[in-house]
Structures are given as C-alpha cells and as structure tokens.
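As structure tokens, the structure follows; a few thoughts come after it.
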Amino acid sequence: MAQTLTEFDTIAAISTPIGEGGISIVRMSGEDAVKIANEVFKGADLTKVPTHTIHYGHIVDPDTDKTIDESMVTVLRAPKTFTREDIVEINCHGGIVVTNHILQLLLSHGARMADPGEFTKRAFVNGRIDLTQAESVMDIVRAKTDKARQVAVGQLAGGLLHKIQAMRQEILDTLANVEVNIDYPEYDADTVTAKQMADTAKSVIKKIDRLLKTAQEGKILRNGLATAIVGRPNVGKSSLLNYLTQSDKAIVTDVAGTTRDTLEEYVSVKGVPLELIDTAGIHHTDDKVEKIGVERSKKALDRADLVLLLIDASQELTAEDKALIEETKDKKRIIVLNKSDLGQKITVDEMKKQTGSDVILTSILKEKNLDKLEELINKLFFAGIENSNDQVMVTNQRQTSLLTKAKKELQDVVQAVEDGIPIDIAQIDFTGAWDTLGEITGESAPDELVTQLFSQFCLGK
C-alpha cells in the first residue's frame, strides 16, 4: 500500500465500552497526538517527557480554563507503538459525559474521529502486523472461551503468518529458478524441470491441507457452535439449557408447550463455545402462537452445527420422536435419553443400533451423566485439537477461501505438468498461488479488500 505513517493525520476515539465504569480510555494516534494532548493537559509538559511514561494531571478546556476531569496520560512515541505512530492514551473516570467531553476537546484541537478499526489498520499499513494478526485482534476481543483466546493470541504472535510465509517462500524459490530456466535455457546446470515445479506444488498442497483441516474448529472457536436443543414438548429441553448455562432463562414446568419461542445463549462446554438454541417443542399444534415458535424451531434446526435431540427414556417412542429422529438424521447429533430416573423403556444400545448416533442416558433433574454429555460434545468437534500444542488455526471464511483457491491453483500446476503443458504456461497458476497466499497476509491484498476488512472492527481498535 502506498501510504506511510507521515501521510496520516491524527485520529482519536474512545477505546473502552461506552457507559458507566471505573475508567475510560480515549486514544489518539498520529504525528500531532502528543501536541494535541499537551494543549488540553495541565501537568507535565508532554512534549518533553520520555516515551512509554504515564503522567498524572487534569484535562482542561483551554477556551474556558475549566477542568473536565483528573486523568492519567500515557505517552508512547513512534516507532515502538502498536501503530508505529505517536500514541497518547488518556485514562479518565468512566462515564458517557466526561469521556465524550474529552473526545470532543481533542477533535476541536485538530484530531479527527477514527474510523472503525483504523488504529489496527494503521498498524497493518505501517508494517507492524499482517492481516491475519489484525484479524486476531478482534478475535481476542470477541473470544468466548479460553481456547479461543489462546488461538487468537497465537495468531497475533504470527503463528499463521509464519506458515503462510514459509509456503510462499517455497514457491518463490522454485519460481525464481523457473524464471532462469525460461529466460536462459542454455544454462542447463540450473535447469528446473517441470517435475520439480510439480513436486513443490504437491509439497505446498499438503501444508495447505493441514491448515484447512483446522478450519472447522477455527470457525467454531471464533463464532461458536450453533447447537439446537430439540425434542417434542416436555422432554427436558429447557432444563438442559438451564443446566448448561447455570441459569433459569427457560421456563421449566411439567406443562407441555411452555417454551413458545427459541431461546439463545452462549456458553463454554469443555472449551467448546456453544450458541445454545432452546427450541419450542416441535409438534403439531393448532395454537397460532405455538405454531410460530415451532416454525422458528425448524429454522434453528436447519442452521444448527450440532443437534441435541432429547427423548423421554421413560416412555415408548412416539410418532413425534420418530419424526424428529428422521428429520435430524443428516445432522451431527447426540441423542439424549432423558428422565432415566422415572424408569427406562428405551435403551442406549437400541437407540444406537436404530440411529447410528452417539447416545447418552441421563436424568437432567438428577444431573446424571451430564458431564459425559459435555465430554462427548468436546470429543465430536475437537478430537486431537484441544490438547495440541499447535495453536495455529484457520479462523475465518476469508482465510479458508483463499487457501482453497491457492490449493486449486497448485493442483492445476500438477495437472498441467502431467499433461505435458509447457513450463512457462504452468508457471501462470504457480505464480497465482503465490499471490493468493499473499492475500491472506495482506502482502498482495488489494486496497479495497483491506478497507472492507477493517470496516468490520469496532471504534477505538
């Protein structure tokens, strides 16, 4: 990208959530950040203090000489900052009025309101981080479990960046020799055959495949696993939701049909972030309100990554149970045989044989075997991942799509070589794969893509 830090103006934004709190932070970045802060700060002369120091004083409106708040001001000088520009962070008392007043004061003295994600964008443009690291900043903020945080921290440290760079270098080394072979065919000593180019393509494809295998887990860690709790009325769906969330969000009674809409809640189960959806009992009803809930339940079922299908083990299978077993057969699911404390007319072995699914016998009321249910959820989605020391994962659709595209280009290289196509023609896809991998890190990403990516960030980041 063409911009350098000297071409940027000075930006400001509130970096903490708006609302009441102990402390709020107003952040500035840019060439004039220290000068602007010094104009509204009564205390040490900020233009003369050392970098990476914090100073007590008061924020004062120079036009009225009125004190806005007492504060601690941190001065961080380029280039050893997040944006590689001068940064000033004003720590003031939390509260909407005082925080906005300080922000407006900075804007009136020459700063500009930052766009969403602009601080992180400047870190990228100034070479402080790559695009995968930039994405990890928001992943850390949005992490729903400690495992998600660990993966995001690994990305921020450059885990995925280093793997992508290594693949690009492998392609580039071969590509450079291919260019020599094409331009100077008379020098046979350094000739790189088409087979060698195909071998490099195969080597990189294997590395891409290893990353793509983590894409599903990465997506789940980033967005949560959409988990629909389904079953006919009064089989314990709401009780399971309340157990997993340790709350009483759902109404629990012995009256069928008390949940008339879908309830959603995020919860961590053995490190797996679940977006739990407690559905209304899926059954035939003439009640207009219940009908709406049943339709919404069916839509929730359609988008679910995992289905927890609850069946009353103390009763024989009903027509509604059988219909739900059929309706969810193509979903990844766990069948939960509940109410085992009331007797058992359905066995685990019978249900496994009939459905081919994982089956757990429980009593949610007595909290029996619910720990085994949690372990099974973890095993289904994170087998071999949870205890791995390798925290590098593909965590979003952008990364997955580009890796898939690069793999296809490399597969085309291999096919071209096998078909005897001239090396200079096969080289086109080889170069394309190198560029595509560069889009993941931002080394060859178009400006429009970069702008669109950072627009999804929150203000102050």
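Backbone N, Cα and C define each Cβ position, glycine as well.
Listed in sequence order, Ser15, Ile25, Val26, Arg27, Met28, Val73, Thr74, Leu76 are the same-chain residues at least 6 apart in sequence whose CB falls under 8 Å from the CB of Glu89 ((6S)-5-formyl-5,6,7,8-tetrahydrofolate binding site). Following the DSSP three-state reduction, the secondary structure of Glu89 ((6S)-5-formyl-5,6,7,8-tetrahydrofolate binding site) is strand. Among the features that Swiss-Prot reports, (6S)-5-formyl-5,6,7,8-tetrahydrofolate binding site is placed at Arg27, Glu89, Arg128, Lys461, with the record citing sequence analysis.
Annotation source Swiss-Prot lists domain 'TrmE-type G' at 224-382.
Positions annotated as K(+) binding site by Swiss-Prot: Asn234, Thr253, Val255, Thr258. According to its DSSP assignment, Asn234 (K(+) binding site) is coil.
Per Swiss-Prot, GTP binding site is recorded for 234-239, 253-259, 278-281, and the stated evidence type is sequence analysis.
The Cβ neighbour count for Ser238 (Mg(2+) binding site), using a 10 Å radius over every protein chain in view, is 24. What Swiss-Prot lists as Mg(2+) binding site is Ser238, Thr259.
Counting Cβ atoms from all protein chains shown, Arg27 ((6S)-5-formyl-5,6,7,8-tetrahydrofolate binding site) has 24 others lying within 10 Å of its own Cβ. In this structure the C-alpha atoms belonging to Lys237 (GTP binding site) and Lys461 ((6S)-5-formyl-5,6,7,8-tetrahydrofolate binding site) are separated by 39 Å. If you compare every pair of Cα atoms in Arg27, Glu89, Arg128, Lys461, the residues listed for (6S)-5-formyl-5,6,7,8-tetrahydrofolate, the longest distance is 19 angstrom. As a whole-number mean, the pLDDT of the domain 'TrmE-type G' (224-382) in this prediction is 79.
Counting other C-beta atoms within 10 Å of each candidate's C-beta, the binding-site residues Arg128, Lys237, Lys461 are led by Lys237.
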